[in-house]
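Written below as structure tokens is the structure these notes are about.
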Amino acid sequence: MNPNQKLFALSGVAIALSIFNLLIGISNVVLNVSLHLKNNNDQDKNWTCTSITQNNTTLIENTYVNNTTVINKETEAAKQNYLMLNKSLCKVEGWVVVAKDNAIRFGESEQVIVTREPYVSCDPLGCRMYALHQGTTIRNKHSNGTIHDRTALRGLISTPLGSPPVVSNSDFLCVGWSSTSCHDGIGRMTICVQGNNDNATATVYYDRRLTTTIKTWARNILRTQESECVCHNGTCVVVMTDGSASSQAHTKVLYFHKGLIIKEEALKGSARHIEECSCYGHDSKVTCVCRDNWQGANRPVIEIDMNAMEHTSQYLCTGVLTDTSRPSDKSIGDCNNPITGSPGAPGVKGFGFLDSSNTWLGRTISPRSRSGFEMLKIPNAGTDPNSRITERQEIVDSNNWSGYSGSFIDYWDESSECYNPCFYVELIRGRPEEAKYVWWTSNSLVALCGSPVPVGSGSFPDGAQIQYFS
């Protein structure tokens, strides 16, 4: 073969290879375009797409060819629904600890945030702690003076339940010095109260977006529950009070849908004074056990029909008194009037679960101070003035400080055909009781849930040695 023939032959081979490379490139482009169009056509479906991409690169005559394999795994996303309060409370034979954050003990060496008024609230993904921070950490000099409840520096945060609140694990929600929060199954509503005592404003958020505001109606410390609110079929109910803490005040029951007020009611029934309600849901109803800061050492109760969006109120009927401070227990209670006596006022946030023979009430062990905590089983305490204690379980011994307490329920626990009642106890440390050692006031938290079988005993105090902070 002469040189010219060799040249033509090699040129032909090169042209053939080039055409082959070009065809591969065109087919690769067509494949990618078709896959892209198929993805766009499927976007109107409710799919979750997981893609696994494998790239192999081959060099042919200085041309890079990418072979791409795409594996689509399509699963239909779970549909979200509004929470329906369609179960009764579970029977409880005792209480077990499900979380304890030991925040003050950790705070001796870690940057733990100063908080108070903590509570627990759940959603479809689990439960978290909520608390009002003071804009500082325990070891920070700004912690001096954090005994004050209402300042412009406070705000609501949430943290993993059982972990001490630090900057890195805290999720900011809203600015304010009084709060409540609850999940309706689709989104979370949060309310914070901010501003001056005589001209406060409540800000309402749904799914973290500001939806409305509520201006003071009595110009005297507008305030709300300091524990979770409750929702049913898209409607969330909140109890708010404005007015004197030591005489007649003005309480409203407000109904919200997606953070907007759809109805409000002035307090009805025989309760004289309402503050800091601890609410739970069951059987299309919401029951709130509250604080009478004016007269009653027996706790007022608000019963709310969520379908009718109507309520009534009375007092716990039992003569076993559960506010602090309080006089001695009475042999006969009163369903419609406050039980007074020395010491009586002012009070502390508390809770109860009212379920006929399955009724449990919480209270401090000391009748005069916020120390110790116990759970009392008092069948029919909500309806029978003669009801008495049948069981007692110590939660915090009387030699240790307690504080506020409140109820919560994981309504999304599908493992049970009933709602298991749960509660938390705030364990306050620092001022005023320990002013000898520190200038700050903060808390840790312990949370407990019901057990269907009898349990053992134990005390679960804060546990910090306050002198270590001196």
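Here the Cβ of each residue, glycine as well, is placed from N, Cα and C on the backbone.
Keep in mind the model is a prediction, meaning the values are calculated, not measured.
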- Pick from CYS90, CYS127: which cysteine does Swiss-Prot list as forming a disulfide with CYS122? CYS127
- Item | Additional site residue, ASP305, ASP323, ASP329 [criterion: listed by Swiss-Prot with ASP292, GLY296 for Ca(2+)] | ASP323
- CYS335 (disulfide bond) in three-state DSSP notation: coil
- Task: Using C-alpha positions only, work out which of the recorded positions CYS229, CYS231, CYS236, TYR404 is nearest to CYS288 (disulfide bond).
- Result: CYS229
- Query: Looking at the disulfide-bonded residues CYS122, CYS279, CYS290, CYS317, CYS422, whose Cα is closest in space to that of TYR404 (active site, nucleophile)?
  - Reply: CYS290
